[in-house]
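Features reported for this protein in Swiss-Prot:
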type     : residues : note
COILED   : 426-474  : coiled coil
COILED   : 511-541  : coiled coil
CARBOHYD : Asn127   : N-linked glycosylation site
CARBOHYD : Asn143   : N-linked glycosylation site
CARBOHYD : Asn498   : N-linked glycosylation site
CARBOHYD : Asn557   : N-linked glycosylation site
REGION   : 457-477  : region 'Fusion peptide'
REGION   : 463-481  : region 'Immunosuppression'
SIGNAL   : 1-98     : signal peptide
SITE     : Phe138   : site 'Involved in binding to the cell receptor'
TOPO_DOM : 99-624   : topological domain 'Extracellular'
TOPO_DOM : 646-688  : topological domain 'Cytoplasmic'
TRANSMEM : 625-645  : transmembrane segment
Amino acid sequence: MPNHQSGSPTGSSDLLLDGKKQRAHLALRRKRRREMRKINRKVRRMNLAPIKEKTAWQHLQALIFEAEEVLKTSQTPQTSLTLFLALLSVLGPPPVSGESYWAYLPKPPILHPVGWGNTDPIRVLTNQTIYLGGSPDFHGFRNMSGNVHFEEKSDTLPICFSFSFSTPTGCFQVDKQVFLSDTPTVDNNKPGGKGDKRRMWELWLTTLGNSGANTKLVPIKKKLPPKYPHCQIAFKKDAFWEGDESAPPRWLPCAFPDQGVSFSPKGALGLLWDFSLPSPSVDQSDQIKSKKDLFGNYTPPVNKEVHRWYEAGWVEPTWFWENSPKDPNDRDFTALVPHTELFRLVAASRYLILKRPGFQEHEMIPTSACVTYPYVILLGLPQLIDIEKRGSTFHISCSSCRLTNCLDSSAYDYAAIIVKRPPYVLLPVDIGDEPWFDDSAIQTFRYATDLIRAKRFVAAIILGISALIAIITSFAVATTALVKEMQTATFVNNLHRNVTLALSEQRIIDLKLEARLNALEEVVLDLGQDVANLKTRMSTRCHANYDFICVTPLPYNASESWERTKAHLLGIWNDNEISYNIQELTNLIGDMSKQHIDTVDLSGLAQSFANGVKALNPLDWTQYFIFIGVGALLLVIVLMIFPIVFQCLAKSLDQVQSDLNVLLLKKKKGGNAAPAAEMVELPRVSYT
């Protein structure tokens, strides 16, 4: 007890109490100390949850400020939609702490560069089908984004064209080329209505041009797919002429397999072949000049060689990509990837220049060309575009670029990269501590069956507590990379749902179908991708708790570097060294889904459930209660008899000890050691 200020003990000191009261007081103090120690131990073991602060207006302002900073950093114009998406990126996902699985995410809100090795056709619509051919762009649906910063990766060299004098590394330079074709004059007095003269059509078109060392005009023979016939066999002279002198020549989808010309991208490997030149090594100007009277005194362009004159029509510049150059003399080459409509997109970057037959002046024709969904054009200044090959991967970055779906003559000073929205990505997600299941009803039934197994009730409780401790311990030592790099399945599911609802898929469906056949085709293609996604979803076993993504039964190896997954999300799909081979991964998911088909025997499961419920019947527990009662009774009897037996045994041992002591004294003194009144004759004991 604390002392008084004067140093004398206080009136409540233990020294002033008598013995009995002092003992009671000390016992009370010891009891209080024990209670305090118990309370302290409980407090130390208690994990108090922090008090959640209510969301205040200051918090919302801070979030909006961070979202605005994200838009400023990415140079994205601030709109309600972009601000909403920026808020989604600012709000941090919950940390990962459980089992990870691969999730199938259809139509993700990301863009990947399209490589020259892409085998999917890129459709291009134009507003000048008379002079460019192809499909018409009736709907005029054009979009242009604000400035964005683009940074992705690609397995192959991305499709890139430079319309400026400056060409980024990995891009192709374009230039104006002359396309010539002649049609017959009209003479009704002649058989077939054809006159003796010819009318020459001159068209200046922007396409792959002569760029010095990057162009080889030496004819090379190549074996093309049967889809591209030889022009001289498939299209004869005047085959499409209908007697109209004002009708321009048609575009012919054919090739000259023995007249291939190769173009090389700046500072990169690979060749782009063009088989649309009838005479790549010989200037046809002299031949035209020698027949000047036949063509109505037509004079070919000055200081410009002519290599694209064909009498049946203008030959479409179908480009074929060769990823790894082989022997140029090898005719049996099958690795050519065709790109049939990209020339129309390049042609729209500048005005078409047309000289009609009999006219001295050239006509300037404005043209626009648009790519269809899911393709988009990334437009930027050449000096702000960087394409670098690191190992087997191409790293593409573009600062202050814009996304658009159409090109016209305003793009003359820019470079363009084709990008697309991938049909799906595979993303590792965490589903927490819950097991993977694809049927909620059966899983709930299993939970109930496990809970009612009477014989495992106590063991389940003990194992459950042990598992909980193990899980908490494993969470405490979880890797930092997994927590920082992987998102939870709930977060990804909600994000994809929000983005899907915010970025509505009604881009084209509202258009009038009766006058927009190409828009309808885009819708059909888009719906086809949706059907493909649904087919994949139906053929894959998915977690039942997530509706907007498909969490597959394939576990994700958390020990793998996150850079491999990041490379896939940035556009690498077929490189096992730095990313995942998505095709192999998809096949593995399909095989596991087939093996994971739920073969639950519902009748057997129901019988098991009924047996478990029957085991909980109190009448069936009577025998267990009887056995427990008999055991308890026997235990009580043993506990009651044990003290008596122990006491008797102790007395017997004391008597034996006394007798031994008396015997030893007699033997030592040779007489009676006990008083006469108490003498007792003991039997003789011999000791050996």
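Quick reminder: no glycine exception, Cβ is built from N, Cα and C everywhere.
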If you rank the glycosylation sites Asn127, Asn143 by how many other Cβ atoms lie within 10 Å of their Cβ, the lowest count goes to Asn143
Asn127 (N-linked glycosylation site) falls, by three-state DSSP, under coil
Do you know offhand how many angstrom separate Asn143 (N-linked glycosylation site) and Asn127 (N-linked glycosylation site) by C-alpha?
16
